[in-house]
Amino acid sequence: MGRGRNNQRKQQPSCSPRSTSVNEVTDVYRPHFKSKIGLVLSCLGCVVGTGNIWRFPRIVANNSQDEGGLVFLIVWVIFLLLWSIPMLTVEYGTGRYTQKAVIGSFRQLVGDKAAWCGAWICMVSFMISCYYSVVLGWCFYYFVYCIANTLPDNPEDSRKIFKDYAEDSAWPVLTTALAVGFAGLSVVKGVKTIEKVSMCLVPVLLLIILFTFTWSMTRPYADHGITYLFTPSWESFGKPRVWVDALSQNAFDTGAGAGLMVPYSSFMTRNHGIVRYATLIPATNNLVSLVCGITIFAAVFSTLIASRPHYTQSDIVNVMKDSGPGSTGLTFIWLPVLFQTVGTFGRVLAALFFLCLSFAGLTSLISNVELFTQTVGDFGLGRRYAMPLCVTLTFTIGLMSALNIDILTNQ
């Protein structure tokens, strides 16, 4: 009788309406995003970076010909559908299923012989973060500079300001250290701190983008820049450079193929739809890029037409194409000059612009640091040791770019 009662008690759980699966138990106890808005903002923070604000307008200008840039935008959207969304769907699915970073995912899904593929992806993303942290440090510096100093009124003085800081001083060492340090602190507890930081930074970032977009729309002659951006030059379809740049910009924008979303998606649960987020996040990211592109084109055209009426449309486009050392031309050389023409409010706009760049760059650098930290963690090293190791290596290798802009330009 005693054994019979014990057997009955053991069998009782199987009589419940719905038993709990192993996956559901794992979802409850492993680290995961606490809210859907936290997940969306964290993933947006990962992909919305300086590439949207700093790189995208210049790449569009370089592929716009004399008539306009609509053809590049069309090809860019094509690659969003053909490359970014399918690739990110794979990355989201891989991370959520394996709950590992890139190398661990390749080993689990393909086998140990394919681990080198994950190692290659991880190494490339890590090397990008080493120079990306230097550029983020520039953004920090310019944010403070715009608050404390008057803006230059010509590109020659603006170039000297950048040269004195980035090439002839040791300040980039400090600003790079701050950039890497902030990113490291943001991943110190994994998804807990990533989600909290993203919930604070990303909404502010999007509000600043919306504010500067609205301001640029109210500028006289802004319509000239917008008209140029959306005017087609149909023969551009036959130029291979347009297709290559559109694909590379999509990869740079969305992070598709960089493995950055694999660690983030490892914090997802079965309640988070892979296809839904893999479509929503890159599409929203590219929308942000387009808004930033409209903002920059409108601001540059309106300001140069008003302040330099002798400039032709080709002259204005050449200003936007000016890459300068380390692709500094438009953002760090010309935009302070353009904001100066607005007067006192221009300093406010300049400070907001570089604050926006700083937040965008920081949230993207966080994802790079998390990728390497989680990758090292997959090999058994705890986060308390993996994160400082990642931060130290990123800063140490990034020092070469911080001290020599030619190295950064090559990277």
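The backbone N, Cα and C atoms fix where each Cβ goes, glycine too.
Marked as Na(+) binding site by TrEMBL: GLY45, VAL48, ASN52, ASN285, SER364.
The compositional bias 'Polar residues' feature in TrEMBL is assigned to 9-22.
If you look up TrEMBL, you'll see 1-22 marked as region 'Disordered'.
What TrEMBL lists as transmembrane segment is 37-57 (among others). Outside the transmembrane segment (37-57) by six or more residues, the chain places 132, 135-136, 139, 191, 194-195, 197-199, 201-203, 205, 209, 249, 252-255, 260-261, 264, 267-268, 272, 277, 280-282, 284-285, 288-289, 292-293, 296-297, 320, 327, 330-331, 356-357, 360-361, 363-367 with a CB less than 8 A from a CB of the stretch.
For 69-93 (among others), the entry in TrEMBL reads transmembrane segment. Residues 59-61, 63, 228-234, 236-237, 242-243, 245-247, 249-251, 253-257, 259, 261-262, 265, 268, 274-275, 277-279, 281-283, 286, 290 of the same chain lie 6 or more positions beyond the ends of the transmembrane segment (69-93) yet place their CB under 8 Å from a CB of it.
For 114-144 (among others), the entry in TrEMBL reads transmembrane segment. Same-chain residues lying 6 or more positions outside the transmembrane segment (114-144) and placing a CB less than 8 Å from one of its CB atoms are 50, 54, 101-107, 165-166, 171-172, 174-180, 183, 257-260, 326, 328, 332, 336, 350-351, 354-355, 357-358, 361-362, 364-365, 368-369, 371-372, 375, 393-395, 397-398, 401-402, 408, 411.
The transmembrane segment annotation in TrEMBL covers 169-188 (among others). Sequence-remote contacts of a segment are chain residues at least 6 beyond its ends whose Cβ falls under 8 Å from one of its Cβ atoms, and for the transmembrane segment (169-188) they are 133-134, 136-138, 140-141, 194, 197, 361-362, 365-366, 368-370, 373, 383, 387-388, 390-391, 394-395, 398-399, 402-403.
Feature annotation from TrEMBL assigns transmembrane segment to 200-218 (among others).
Annotation source TrEMBL lists transmembrane segment at 287-306 (among others).
The transmembrane segment feature in TrEMBL is assigned to 327-345 (among others).
Taken from TrEMBL, the feature transmembrane segment applies to 351-373 (among others).
Nonlocal intrachain contacts for the transmembrane segment (385-405), taken as residues 6+ away from its ends with a CB within less than 8 angstroms of a stretch CB, comprise 126-127, 129-131, 133-134, 137, 166-167, 170, 172-173, 176-177, 180-181, 183-184, 187-188, 325-326, 368-369, 372-374, 376-377, 411. As annotated by TrEMBL, transmembrane segment applies to 385-405 (among others).
Residues LEU44, CYS46, VAL47, GLY49, GLY51, ASP253, VAL288, ALA360, THR363 surround the recorded Na(+) site, their Cβ atoms falling within 8 Å of the Cβ centroid of GLY45, VAL48, ASN52, ASN285, SER364, which are themselves excluded. Long-range Cβ contacts of ASN285 (Na(+) binding site) within its own chain (separation 6+, distance under 8 Å): LEU44, VAL47, VAL48, ASN52, ASP253, THR254.
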